[in-house]
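Novice: Here you go, one structure.
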Amino acid sequence: MSDPARPTSTAAETPRKSASTEAVVPRPSTENVHRRRRAHRKHRGVGMIWSALAWIVGLGFFFPVLWMVLTAFKHEREAYTDPPTLLFTPTLDQFQAVLGSGMGLTLLNSAFATAVSTACVLALGIPAAFALSLRPVKRTQDVLFFFISTKMLPIVAVIIPLYVIVNEIGMLDNIWALIVLYTAMNLPIAIWMMRSFFLEVPPELLEAASMDGASLATAVRRVILPLVSPGIAATALICVIFSWNEFFFAVNLTAVRAQTAPVSLVGFITGEGLFWARLSAASTLAALPVVIAGWIAQNKLVRGLSFGAIK
Amino acid sequence: MAEIAYKSASCIYEGTDTPAVDRLTLEIEDGEFVVLVGPSGSGKSTALRMLAGLEDIDEGTITINGTDMVGVPSKDRDIAMVFQNYALYPNMTVAENMGFALKMRGLAKDERRRKVERAAQLLDLTEMLDRKPAKLSGGQRQRVAMGRAIVREPQVFCMDEPLSNLDAKLRVQTRTQIAALQRRLGATTVYVTHDQVEAMTMGDRVAVLKDGLLQQFATPTELYDSPVNAFVAGFIGSPAMNLVSAPVTSEGVKLGGTTLPLERDQLAELHEHGLTSATVGLRPEQLEVAHPGEGVDVRIDLVEELGSDSYVHAHLTADDTGEPATLVARSHSRTPGRLGETIAFRKSHGPVHVFHPETGQRLAA
């Protein structure tokens with residue numbers, strides 16, 4: 001603010017503002033137009049090179065995925081041919097075989113562990129993120145650091161004590177052991193992520209709601225949550241991906257009953273020799289839920305945080 | 001509808017020693033429009049938020065209609081607030097924004113709709129009822145924020161710099177609209193601003209705050225005519241009052257080689273305090289431009305042309321004070337003088353304000 005003893009007067013400023021005349025924009029000369037056009041053409045050339053490069057890199061990343069999906073629909077003998085067969089009659093044999101060999105149960109286990117742990121993460125993480133953003137408390141920074149510090153230790157370093165503990169309480173090969181671990185694994189990231197979304201919400205909204213007679217719970221449910229729901233969807237998606245793809249805990253702490261899809265995939269490599277088509281079918285099945293979850297969440301993400309509260 | 005009383009109310013933020021609001025005592029009458037004004041950090045917003053229940057009352061108390069508000073959550077105080085950034089709910093339409101408080105109160109849907117429509121008509125928002133705040137202009141959002149407050153028919157309106165996000169022209173226009181609306185609704189209103197023009201034009205009474213302390217609580221004309229201290233004198237009025245420290249003589253004060261006569265009681269009080277110098281205050285409109293030798297000789301530093309008037313900034317040619325004293329005069333002439341020219345300022349009307357050189361307190365009336 002300017003010198004408090006001399007507050008600026010709006011009344012005194014107004015006539016000045018209206019006195020300023022519109023600037024006269026000169027028409028561009030022909031020479032200028034030519035120069036600009038040349039620059040534009042040059043610009044476009046560079047742009048084409050970049051987009052070609054982007055396509056090449058993008059296809060490079062996507063190709064193995066495409067190859068996997070294609071192979072999943074082949075017979076085993078077509079999967080080995082060199083040069084590769086591009087024209088073939090698609091078959092669902094491999095999918096039938098995969099599901100028949102017990103992968104169905106592992107997919108269900110994965111789905112259950114993912115859904116329950118993500119729900120737990122949101123149930124615990126949303127209040128935590130709220131407390132660490134809109135209602136900051138003493139030592140907020142310390143708490144945040146504590147959360148992220150739990151991610152600093154490599155999982156390999158804790159797997160032996162974890163195994164011992166899980167064994168002692170008789171939870172080996174039990175899906176609930178994985179649910180607890182996945183919740184703990186994703187919670188710090190979820191809190192950090194959601195906190196950044198909560199920070200975008202102007203704190204005056206909570207105050208306005210409380211002036212309007214809403215309790216804190218109502219204000220959060222009616223005003224805050226609708227605003228941060230895209231952020232919550234993004235966070236949930238990350239949690240789903242991480243838990244669905246988690247391998248290390250699952251391979252060490254489960255055997256038969258609680259085995260998850262990533263662990264069962266390994267079975268197709270080592271146990272039954274190399275069956276490319278069948279492995280591809282299993283991998284496709286394992287990848288599909290994440291792709292679907294991403295696609296569902298995307299619709300919500302694209303809507304974005306459209307704020308109109310401020311100014 | 002409501003009488004408000006601050007009784008030595010203080011607010012101390014955690015981790016600070018000096019209170020943001022220090023033993024504030026104010027009595028606001030029913031239906032009154034009171035403006036809290038002050039520079040940033042003066043505690044005016046905090047004082048308002050204490051009334052609204054958004055800030056704790058650490059010492060003293062605030063009563064509304066005699067009821068103690070300490071410990072009463074804001075949702076139970078029946079106060080509507082207009083925020084500086086409006087704080088509209090972005091996920092709700094204009095109608096839902098305005099009807100939210102009524103919904104919280106459990107009003108039936110058709111009655112809610114009726115009240116919202118009536119308020120919308122009053123504020124010219126009928127066309128926008130189904131739009132989201134993001135689709136509105138700044139002025140429209142400001143009106144929605146007002147509408148959200150008035151639809152509730154609350155005991156008290158609190159407004160925290162509601163015009164500061166509008167452009168200058170719209171601000172002046174909205175200023176009159178809010179003042180007129182308040183007179184019509186007759187609701188007790190507490191309005192915070194840092195703009196003394198807003199304070200002077202809108203308030204029935206104005207409370208000037210500085211560093212958490214109330215300086216003066218009076219009507220706009222009283223603030224203008226008899227400020228209690230040099231701070232209020234310098235804060236109220238635009239351009240600000242000329243405040244110059246000058247040596248005291250037997251008939252008045254010495255200013256630029258000439259003597260500015262003072263009233264007898266002012267001189268008496270100066271002598272009573274044994275003061276050899278005083279801070280004297282003259283409003284720019286109390287000075288008129290004259291030929292050299294007809295008053296205090298000054299050299300022109302700057303002329304601000306406003307069309308109707310001009311402000312002449314100048315410094316004293318003969319300096320008795322040691323520090324370079326500059327003065328501003330309001331002139332009705334469009335050509336009061338050129339830059340660097342020597343002219344004179346002459347006192348035209350009204351009394352000279354005299355303040356204690358150290359405490360800044362007003363001396364005599």
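Glycine is no exception: its Cβ is also placed from the backbone N, Cα and C atoms.
Unlike curated entries, TrEMBL annotations are predicted automatically.
Below are the features I grabbed from TrEMBL:
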| type | residues | note |
| --- | --- | --- |
| COMPBIAS | A:7-21 | compositional bias 'Polar residues' |
| DOMAIN | A:107-297 | domain 'ABC transmembrane type-1' |
| REGION | A:1-39 | region 'Disordered' |
| TRANSMEM | A:45-70 | transmembrane segment |
| TRANSMEM | A:111-132 | transmembrane segment |
| TRANSMEM | A:144-163 | transmembrane segment |
| TRANSMEM | A:175-194 | transmembrane segment |
| TRANSMEM | A:223-244 | transmembrane segment |
| TRANSMEM | A:275-297 | transmembrane segment |
Novice: Of the listed stretches A:111-132, A:223-244, A:275-297, which one has the most C-beta pairs under 8 A with the transmembrane segment (A:175-194)?
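Specialist: Between the stretches A:111-132, A:223-244, A:275-297, A:111-132 has the largest tally.
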Novice: Is the count of Cβ pairs under 8 Å between the transmembrane segment (A:223-244) and the transmembrane segment (A:144-163), pairs 6 or more apart in sequence, 3 or more?
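Specialist: Counting Cβ pairs under 8 Å (6 or more apart in sequence), the transmembrane segment (A:223-244) does not reach the transmembrane segment (A:144-163), since there are fewer than 3.
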Novice: Does the transmembrane segment (A:45-70) reach the transmembrane segment (A:144-163), going by 3 or more CB pairs under 8 Å (6 or more apart in sequence)?
Specialist: no
Novice: Any residues 6+ beyond the ends of the transmembrane segment (A:144-163) with a Cβ under 8 Å from its own?
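Specialist: Beyond its ends, the transmembrane segment (A:144-163) has Cβ neighbours at 132, 172, 181, 184, 187-189, 191-192, 195, 248-249, 252-253.
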Novice: Residue list, the transmembrane segment (A:275-297) vs rest of chain: Cβ under 8 Å, 6 or more residues beyond ends.
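Specialist: Non-local partners: 65, 68-69, 71-76, 78-80, 94-95, 97-99, 103, 107, 110-111, 114, 233-234, 236-237, 240-241, 244-245, 261-262, 264-265, 268-269.
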